[in-house]
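Here the structure comes first, spelled out in structure tokens, and everything after it is commentary.
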């Protein structure tokens, strides 16, 4: 008699609890490698009749590529390969404990069972993930609180602004929501690596180093129709402004819904946040890192050149740039290719900046190797090293003659206040010292030597136009008053004569609205002044840029670059510059009453219009994993000058624990006013 198709009980609840996968909302079994899970199935005739199990993944499973395993029932579970142990059996059903090796390929498996000489019968499918809780796994993370934060936490804080004025916003990673796991598996199957050679690609999916690199390429749209299309133009028609996203879920869902067309638009934190979601979902501990005054060294000489004209305008010349901040990722895994001291945090960067191996991917670069200047080690060491260590050279460029003159150079400008979210709390942790030593000159020399740069430009033996002379005066911009969108911007230009004779100075000043990458967008203001400074004298010049002057010209990054190029009579030029990030006005969230699972709770969001004109086209967007499904969008009536609006809406939390609600408010005068609130949900 033909055996009936066996029906399988996957023990979803118990297995998920054991495997730290309870947060997934799936009808399919999701387990972690190197750890046993239990299933029960019926339809097997007597189990002592040699049951053989077959687990397979990928398009053409084979034992050679470790994508096919056949195993029978043994007395103990093996650490090496796949194995099964009989838990209990009755006349109608059998319970089996199955274990996979620590280095199994991750992904969706098909499981079948064969009894005696009959043909195999399908038991169904399950998904196998990395296991940071298991000491044999490449991603093993011994600290349980860190596992909780870097794999299971769905909320993050991303740091932005600039090094003088660090700001932050919340992000909903949402790696366990809805269909995200299936989308992450689809991302792997759409990579160039998979398209070129699916069998080899799947066989490498046991290795976090390989997957980290592949996924850093797939999160950006360059080369492979990946998830997010970058746009740093300041114009975002036909898509969403990068500053308006508040979570990865909407982006990943849109990518899938559109038939895998890149989602418009992203900038660095969007790429980093989406990569965090994907890697946490697959079980690789991952976090976002913000580097302030981040260098993009396009030509690999560990220095960035910036050019200014005689009026002090920052020119778009050369491919090098310095960004107010840049966000990348660190993922935690061993580096068997480099040796034990290079294991731990690895830098991955999904923002498409430079090609690596012919495509836009970056990393993994061992953070330890970067700190030690060992830039020759895989992968992309020189680029990451430059992001935190490059020298800055500031030039005056005369477009009429093509002549460039060095104004000054600075070795300490780049790589400041490198930041990430604290474990288990909503605070900033500074990790700068994990990237570089306090005094890094020797390491910098070592890196230059490894890159064969020691004979090329060296500040101690410069060519004629690269001689750096001592300036006669010094200058700086000081902020006077608050830095808030809607208020006038008050600055002081402070000039000091360093010499013991009087100096005459002509100063050309400009202010431009910029992107966070310091790319100029609109000129806001210009002015000039002439001054004679007595010996050793310091003078202050107040500068006021009124709100109406910058209002229409500000970008949604809310950044302004102010420069003063000082032409000293019979002396060398002095460049004074400052990058300013304005804050949005505040917005307030209150949870009215206690938040309980499956019970309605009311939330109130309040905003006061701080300017003396009406604001309109007001929209409030709300999201938060386990607090509401998807994104709630509320239209708000126009607000007159100084008017306060209060908006109420209901949530029905679906799970207990500390959850985060993210709010984004925007209108015609203010872009993306964001805040978040921790909501403690009780059962």
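Each Cβ is built from the backbone N, Cα and C atoms, and glycine gets one as well.
Predicted automatically and left uncurated, TrEMBL annotations should be read as such.
Database features (TrEMBL):
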ACT_SITE  268  active site
ACT_SITE  326  active site
ACT_SITE  349  active site
DOMAIN    260-352  domain 'Transglutaminase-like'
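Annotated features taken from TrEMBL, shown on the structure.
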residue : record      : Cβ within 10 Å
268     : active site : 28
326     : active site : 25
349     : active site : 30
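In the predicted model, the domain 'Transglutaminase-like' (260-352) has a mean pLDDT of 95. If you measure from the Cα atom of residue 349 (active site) to that of residue 268 (active site), you get 9 Å.
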